[in-house]
Amino acid sequence: MLVLGIESSCDETGVALYDTERGLRAHCLHTQMAMHAEYGGVVPELASRDHIRRLVPLTEGCLAQAGASYGDIDAVAFTQGPGLGGALLAGSSYANALALALDKPVIPVHHLEGHLLSPLLAEEKPDFPFVALLVSGGHTQIMAVRGIGDYALLGESVDDAAGEAFDKTAKLLGLLYPGGAKLSELAESGRFEAFVFPRPMIHSDDLQMSFSGLKTAVLTAVEKVRAENGADDIPEQTRNDICRAFQDAVVDVLAAKVKKALLQTGFRTVVVAGGVGANRKLRETFGNMTVQIPTPKGKPKHPSEKVSVFFPPTAYCTDNGAMIAFAGAMHLGKGREVGAFNVRPRWPLSEIVR
């Protein structure tokens, strides 16, 4: 069965073809990054219009790449939410119209479920169950995943998502949009503990997270540096040091919370998905992750246990059609009919009912 996947939740237009027998056949992506850069962020109206312009050419490009035709498509999957309303409508309308024209079923997909399952597109796939860390510009959540459609929310950010905190901090440092990736790049040249920022909620017993206070700590440090230098410009090395300290703080919090989730669930496999999953420091830290089961005081300590950690291929960390095509394929025959204008800009993953 050949499933066409369509992603249009924000500022990437993604189209892909997934074959249930042969795997991913084609993957085409257009990013609107350059278009939004001059505005310092995503402009929803511009995003929607660009999706409309790109969907047909990208679909035809995928078909050519796979050596297939419209008649070979067996189902059309699309992102129903969450995301920008207008952007979602562009993809939904196109998917429903195409499915109607081809007389094929349409499968609505939750955007975060697409991210959650994206590591299954890799050659080395995780086995269920696992703890999933969904970490992006819009969401930071820890989930217990026991199978396709069986997801339980364990904890999440109570304010800014980690990716959002990266972008906002980058802006404080004068980095151009999208600044999160640039911040990570500059952090590579930062000195260890030249600055030390707080790790919000790292010691709380629950799995909730918070990153807005960390952003405020960076602002305080930046203002202090500017006052000391008597200028608005931040010295290059100092900026790099701040980037390093900020990134280390975020990664430390994420790692600590995921370890707690592993102890809570008893799982020993972690899946990291979402745009921040491409961060090199995050991959390095999680790649060396171990957990140690707590022991009563005075008793011998349990040996540390190695954790199996899986990331999607880097190309599938950001929004893409491949993850939507794959998630749709996993739900073939379970889809529900939806109208072309029935999108869900706000849609908690916990509300998925299969």
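Along the chain as shown, residues are numbered 1 onward.
Just so you know, glycine gets a Cβ as well, placed from its N, Cα and C.
According to Swiss-Prot, the feature Fe cation binding site maps to H111, H115, D319, an assignment based on sequence analysis. DSSP classifies D319 (Fe cation binding site) as coil under the three-state reduction.
Among the features that Swiss-Prot reports, substrate binding site is placed at L134, V135, S136, G137, G138, D167, G180, N279. Reduced to three states, the DSSP call for G180 (substrate binding site) is helix.
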Inset, instruction - Look up L134 (substrate binding site) in the DSSP assignment and reduce it to helix, strand or coil. - result: strand
Legend entry - Residue, out of the binding-site residues D167, D319, whose Cβ gathers the largest set of other Cβ atoms within 10 Å: D319
Legend entry - Between S136 (substrate binding site) and H111 (Fe cation binding site): CA-CA distance (Å): 12
Inset, instruction - Quick one: pull the CA-CA distance for V135 (substrate binding site) versus H115 (Fe cation binding site), whole Å only. - result: 9
Legend entry - Beyond the site residues H111, H115, D319: chain residues whose C-beta lies within 8 Å of the centroid, for Fe cation: E7, S9, T79, L112, G114, S136, G274, N320, M323, I324
Inset, instruction - Measuring Cα to Cα, tell me the gap between H115 (Fe cation binding site) and L134 (substrate binding site) in whole angstrom. - result: 7
Legend entry - Cβ neighbours of V135 (substrate binding site) where a neighbour is any other Cβ within 10 Å: 28
